Amino acid sequence: MKKLAISIGDINSIGLEILVRSHEELSKICTPFYFIHESLLNKALKLLNLKLFNAKIVAFKDDKDYEFNFIKKENSLEIYSFCLPLGFKVDENFEIQAGEIDAKSGLYGFLSFKAASYFVYEKHAHALLTLPIHKKAWEDAGLKYKGHTDALRDFFKKNAIMMLGCKELFVGLFSEHIPLAKVSKKITFKNLSIFLKDFYKETHFKKMGLLGFNPHAGDYGVIGGEEEKIMEKAIAFVNAFLHSKKDEKFFKKALKDENLQKELLLNFKGKGVYLPYPLVADTAFTKAGLKNCNRLVAMYHDLALAPLKALYFDKSINVSLNLPIIRVSVDHGTAFDKAYKNAKINTKSYFEAAKFAINLNSKA
């Protein structure tokens, strides 16, 4: 069975309970490695009044060299160590504060995630599955990242793309955790063309639509529309480029050369993978809209995620594209209000994320 590296997220959240309650069923479809120290795991299990059997846990440690070793088998747990350059000393000796924002839990969750990311990068596992973190806890810990995807960009120096959804509807986010005031400035021909090219090459979806930025997609310039003009130009260029089968070197050159862009467009007569005009966002998520196109790109976070979560909250997952590793995540937050309360916990997104990762081919 394929191996999954699973980072525990914020230990003060529902993540650890999802992990424990799902372990037996998850182990039927993959071999999970949980990135948590035994002492901290035992504290969480005691608070939850749960037990974890036949599991593999990985204690991670900051070191200048990468090294993965089996340590011991104890109380039906297989305990491993993974040393790597983390940039921080790992402190697992802190108290769990259920449902609270805490810098120590924030830093520990980040280091669990970083260690699990490089565990996959070093080919010890097929994919990474991340449990939810709290962005404020990361900030309080002195971390500069706004979330997992932001950190992955820095780890691997790649333009990671966030995609969320399920088989009924997937949405790629052109921008993620940035203020709305900054989104319009980010929408440039160059930025959007690169994004659309990369998004297609990662997904190979056959038909995709861009959600308009302005109400009614600008309504022919009556309600703004400047962003939609840029979107139309980028769509036409990327459709023509993908059809041409030209290489990356040509793409970079054509981004700056309007004559090459015109040449591509003159030679392009077919139907592109992207619909030619931005879609009106307020009807794109209706039954008829999704029947027409259920693979979408949104210029900003809430434009896509509000309707996605209203329609498919329980089964949606988060996928990071355009990286040297496979990374998936649950599509929900820390749910501090339910943490360590034996509340009803929905594990469907967790299983959907695991199954999605298992079914993907390994990154070269």
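Note that Cβ sites are derived from N, Cα and C of the backbone, with glycine treated the same way.
Since this is a predicted model, take the numbers as computed values, not measurements.
Same-site candidate for divalent metal cation binding, as annotated by Swiss-Prot with H216, H301, chosen from H126, H134, H148, H177: H177.
Here the Cα atom of N318 (substrate binding site) is found 13 Å from that of H301 (divalent metal cation binding site).
Shown are the binding-site residues H301, K309, R327; of these, the residue with the fewest other Cβ atoms within 10 Å is K309.
Around H216 (divalent metal cation binding site), a 10 Å sphere centred on its CB holds 17 further CB atoms from the protein chains shown. Long-range Cβ proximity for H177 (divalent metal cation binding site), meaning a same-chain Cβ under 8 A and a gap of 6 or more residues, is found for K135, K146, G147, D150, H301.
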